[in-house]
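Visitor: I grabbed these lines from TrEMBL:
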DOMAIN    48-297  domain 'G-protein coupled receptors family 1 profile'
TRANSMEM  32-56  transmembrane segment
TRANSMEM  68-89  transmembrane segment
TRANSMEM  109-127  transmembrane segment
TRANSMEM  148-171  transmembrane segment
TRANSMEM  204-228  transmembrane segment
TRANSMEM  249-268  transmembrane segment
TRANSMEM  280-299  transmembrane segment
C-alpha cells in the first residue's frame, strides 16, 4: 500500500475512492432480461408520473389541494426512481458495476431527501382528505393555498435537512476496504457494513430517524383514516359511503405500498436482515410504487380519467 494511503488509514480517514455493486442476481445469463424488465418499469413510472403532472396543470377541474399534493407526489416519484434506477441499468450492462465515493454520497443524499419528503407529503395528503370528509364546512378555509404550500414546503425542508445530516454522518466514517456493496444502490444499511469502525451509534441514529419520520407520519395517516372511516360509517346513504371512500381509496393503496416495504426494510430487527430480501424490498419502493401510483390514481379516480379523456381529445383534434 502507498505511504500516503497508510498515513490516511492510520488517521482513520477514508481511503476507498470507489464502491462496487454486487450483481442483482447470481443466476448466470439473467442480467439482460432483468435490464429489459427494469427499463420497462422505469419508463412506465416516468411516463405515468409526467402525465399526472401535465393533466393536473392543464385541467382547471384538477386545480384543488388534493391534486396539488398529487402533482408534488408525482414529481417526487420521478426524482426518487431517477436517483437509483439509471445507475442500476448501467450496472446491468457494464463489468465494472460501481460508483465513485462522491457519487455514492450524492445518490444517498438524493434518495434519502426524496424518501423522507414523500413520507411527510403522504401524511399531508391524509390530512387533506381528513379535512375534506370530516370537516367539509371548514375545508376551504383551513386548506387554503397558503396552507398547501406550507405543508409542501415543510415536507421538503424536513427531507433536505435530515438527508444532509444523515449523509454527512455516514460518509464521514472511515472506509478502508472492502468496497463491495451487496445492493443495487448506495443504501444506508449495506454501506454501514463496509465502515472500518463500530457503527452502532450510526445504526441507532438511522432507527431513530426511521421511527420519527416513517412511523410517526404513518401513525398520523392511520389516525386520519380512522376518523375518516368513522365519519363514512355514520353516513345514511350507501351510495354516499362508496363515493366518499373512493376519494380516499387511491391514497390508501399508495400509502400501503410505500410504507409497507419501507417499514419492513428499515425497522425490522437486524437478526432478520437479509441482503437478497432487502434488494427486492428496495426495488418495491424505489420502482414498483412509483410505477403503480399513476395507474392507481387514474383507474380509481373519475376526475383524473375525465381529464385524461379531455387531453387525448385535444391531441386528436
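Note that Cβ sites are derived from N, Cα and C of the backbone, with glycine treated the same way.
The shown structure was predicted, so the numbers you read here are calculated from the model rather than taken from an experiment.
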Visitor: Among 68-89, 148-171, 204-228, which stretch has the highest count of C-beta pairs below 8 Å with the transmembrane segment (109-127)?
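Guide: Checked against 68-89, 148-171, 204-228; highest Cβ contact count belongs to 148-171.
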Visitor: So if I exclude everything within five residues of the ends of the transmembrane segment (68-89), which remaining residues of that chain have a CB under 8 angstroms from its CBs? That is, six or more out.
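Guide: Contacts of the transmembrane segment (68-89) (Cβ under 8 Å, skipping residues fewer than 6 from its ends): 24, 35, 38-39, 42, 45-46, 49-50, 52-53, 56-57, 99, 107, 110-111, 114-115, 117-118, 121-122, 124-125, 128, 145, 148, 151-152, 155, 184-185, 254, 286-287, 289-290, 293-294, 297.
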